[in-house]
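*Asks:* Got a structure for you, written out below as structure tokens; questions coming shortly.
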Amino acid sequence: MRFLRFLKIFFTVIRFGLDEMMLSRVNDRRVRLLLRITTIGRKFDAPPGVRLRLALESLGPIFVKFGQVLSTRRDLLPVDIANELAKLQDQVPPFDSAVAIGLVEKSLGAPVDVLFDDFERVPVASASIAQVHFATVKAGQHAGKAVAVKVLRPNMLPVIDSDLALLRDIAVWAERLWADGKRLKPREVVAEFDKYLHDELDLMREAANGSQLRRNFAGLDLLLVPEMYWEFCTPTVLVMERMVGVPISQVETLRAAGVDIPKLAREGVEIFFTQVFRDGFFHADMHPGNIQVSLDPAHFGRYIALDFGIIGALSDFDKNYLAQNFLAFFKRDYHRVATLHLESGWVPPTTRVEELESAIRAVCEPYFDRALKDISLGQVLMRLFSTSRRFNVEIQPQLVLLQKTMLNVEGLGRSLDPELDLWKTAKPYLERWMNEQIGLRGWYERLKIEAPQWSKTLPQLPRLIHHALAERHDHTRGANDEMIRQILLEQKRTNRLLQGLLLFGVAVGVGAALARVFLALAYGG
């Protein structure tokens, strides 16, 4: 079966001329000769990126997902290919509703008619991983609640594991034979995709992500996140509050309903930067299909977030790196940007800061020919990542995910309001975060976090030091026995010498005193 799948991939490569794309970049002469033979008499009008996208679409949903993940790695791919892969969409027909109902009943341990009223047989959404049905909870504390029931596609894991095994094999060969193999790190990309895909297959993880995001925005009049109904959540079924809104892409519908579109654009950016710099936890799949706007009078004009399968997380170090890079960029302090890259530890220590600064200046300076409102922070990050390739910078996956999400947010914001000044909206968040981290308040907050641990550790410190020294002594005792013996011998010799000198000194002193007495008696002095 795996061999047949491999054959299909091979013939798809030939059909769409992907072998021709690889021809000039293959190291092995024999493979290059074979590829030349296969390309004789063939001509392709479509650009390479289009052919790659069509090939992935023909190979099915797993390869479509792989292409989508690959499109976010703009630090590795040429811009034209990354842009083309970004067009890949999950266009998968729904699976049989009877199968979906069977999966829900098996997962939740009760018939659908006992759990829900009005379980809609026709799904409202279908993708490569799962599909969604609307229903109403029948009994219990959530009785009467309108819900969305997300059901994982059946028998996904064997198919995914089989395709991932093939992708791993292809990655190994690509790294060996392709001139760009080591730079593009195909095995690392496949490993990242493996983790991403298996995370999406666990709906409990998605429910936890949604619950965290909801808690983060509780009390803020910015974002609506559906409540998760945990008694109905399992790794294969997720039941959450049903949210009704208008997709963000339907701008004219929103305008006709009276939504303040420029305000909506600004709030979208505020939501994103709140997630990034306040929470370090952000929705990383913010394309128009997952973002809606409520027209409910109680929440009119507020964003609704859906689908929490892909979430990014940033450490304080990551946030500091981003904030300082953006602030230095807008001050045109390219030396600081280069230094930040070196201080991150992601750049080889042999890199000359002046060379990196020069490359960054060449990338960034052209942006300042345009108005600040026309500068794309996502594009700046993307260009910086691309430049970093030349210096073998290890770009962290969470920052690449952030950059891809930032491009989505910017595109969404400017589709709503072409005059949106992203920098003006973002700058207060960056400066506030920097002040909170570096200022007295930041020091106080860190002290509050660390103080309980210090109060626990400090009384134990003498014992811990004694224990560590004793362990070190025991560990090194055998190796140092000879040295200790020599030191003791030397100490004994030194002691004998000191004793001799002391006795000699005493004798001299006593002798001198006796001599003075004798002379006094003899001469009557």
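Every residue gets a Cβ built from N, Cα and C, even glycine.
Swiss-Prot lists these features:
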- 118-500: domain 'Protein kinase' (DOMAIN)
- Val124, Ala125, Ser126, Ala127, Ser128, Ile129, Ala130, Gln131, Val132, Lys150: ATP binding site (BINDING)
- Asp285: active site, proton acceptor (ACT_SITE)
- 501-521: transmembrane segment (TRANSMEM)
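Neighbours and distances for these, please.
*Replies:* Mean predicted confidence for the domain 'Protein kinase' (118-500): the pLDDT average there is 82.
Long-range Cβ neighbours of Ala130 (ATP binding site) (same chain, at least 6 residues apart, Cβ-Cβ under 8 Å): Lys150, Val151, Leu152, Arg153, Leu203. Ala130 (ATP binding site) falls within a strand when secondary structure is assigned with DSSP.
Sequence-distant neighbours of Asp285 (active site, proton acceptor) (same chain, 6+ apart, CB under 8 A from its CB) are Asp307, Gly309, Ile310, Thr405.
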*Asks:* Using only the residues recorded as binding ATP (Val124, Ala125, Ser126, Ala127, Ser128, Ile129, Ala130, Gln131, Val132, Lys150), report the maximum Cα-Cα distance in Å, whole number please.
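*Replies:* So the binding residues stretch over 14 Å, Cα to Cα.
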*Asks:* Identify which of the binding-site residues Ser126, Ser128 has its Cβ surrounded by the largest number of other Cβ atoms within 10 Å, counting every protein chain shown.
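*Replies:* Answer by Cβ density within 10 Å: Ser128.
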*Asks:* I'd like the number of other C-beta atoms within 10 A of the C-beta of Val124 (ATP binding site), please.
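*Replies:* By my count, 13.
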*Asks:* Please classify the secondary structure at Asp285 (active site, proton acceptor) using three-state DSSP.
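*Replies:* The residue in question, Asp285 (active site, proton acceptor), is coil (DSSP, three-state).
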*Asks:* Let's check the environment of Val132 (ATP binding site): how many other CB atoms sit within 10 Å of its CB?
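*Replies:* The answer is 21.
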